[in-house]
Amino acid sequence: MVCGGFACSKNALCALNVVYMLVGLLLIGVAAWGKGLGLVSSIHIIGGVIAVGVFLLLIAVAGLVGAINHHQVLLFFYMIILGLVFVFQFGISWSCLAINRSKQTDVINASWWVMSNQTRRDELERSFDCCGLFNLTTLYQQDYAFCTAVCKSRRPTCQMCGEKFLKHSDKALKILGGVGLFFSFTEILGVWLAMRFRNQKDPRANPSAFL
């Protein structure tokens, strides 16, 4: 069977959808890790990435079922929806990569000071073993004075939490943007494979029937 045959197209489409399932799980996992910080949850792009990951996972399952059963209706909707996912994922990925450290600093700084619960700030300081956010205002001195992180008893000065938050969020956004952008182009291949496979005849079926 040549590579352009029915079996080859079917296997290629199945393998591609398995990859999409893994990418969807990866996007969800990394986005949840970034969102777990608490401060970066205010970056709506993180929520958008989770939505793309869930949607990609669902459409990959539908595509896998459609490829195995050569289901015309499933493959048709798979092509349409996968094309829309490509557009959305491409835009979200570029947005992740386009957010610079200055913008991240503004978001983190705004989120930190609007926290109504002082206990939440204390929990973050203990969790990341840091004190205060950025040394930009006199409020930093107040935060540092009441900080209960372990680092205060071990070192003369503690690292600012803002620097650790920036490192965490910057890594998450770069991973999400890079992975999303790379695999968004493979979705065009998925649309082409589904279109090609949908118009092929199953050699095991009735030769006179167009499937």
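Glycine residues also receive a Cβ, built from the backbone N, Cα and C atoms like all the rest.
The disulfide bond annotation in TrEMBL covers CYS130-CYS161 (among others).
The Cβ of CYS131 (disulfide bond) has 22 other Cβ atoms within 10 Å, all protein chains considered. Marked as disulfide bond by TrEMBL: CYS131-CYS151 (among others).
The annotation transmembrane segment is assigned in TrEMBL to 12-33 (among others).
Annotation comment: TrEMBL describes 45-66 (among others) as transmembrane segment.
The feature transmembrane segment is assigned by TrEMBL to 73-92 (among others). Note on the transmembrane segment (73-92): residues 45, 48-49, 52, 55-56, 59, 62-63, 65-67, 180-181, 183-184, 187-188, 190-191, 194-195, 197-198 of its chain, located 6 or more positions outside it, place their CB under 8 angstroms from a CB of the stretch.
Residues of the same chain lying 6 or more positions beyond the ends of the transmembrane segment (175-195) and with a Cβ under 8 Å from any Cβ of it are 9, 12-13, 16-17, 19-20, 23, 26-27, 30-31, 34, 46, 49, 52, 63, 66-67, 75, 78-79, 82-83, 85-86, 89-90, 92-97. The transmembrane segment feature in TrEMBL is assigned to 175-195 (among others).
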| What number of additional C-beta atoms lies within 10 angstroms of the C-beta atom of CYS161 (disulfide bond)? | 26
| task | In whole Å, note down how far the CA of CYS161 (disulfide bond) lies from the CA of CYS131 (disulfide bond). | result | 6
| field | Listed disulfide-bonded residues (CYS130, CYS151), ranked by Cβ neighbours within 10 Å, top entry | value | CYS130
| note | The rounded CA-CA distance in Å from CYS151 (disulfide bond) to CYS161 (disulfide bond) is 12
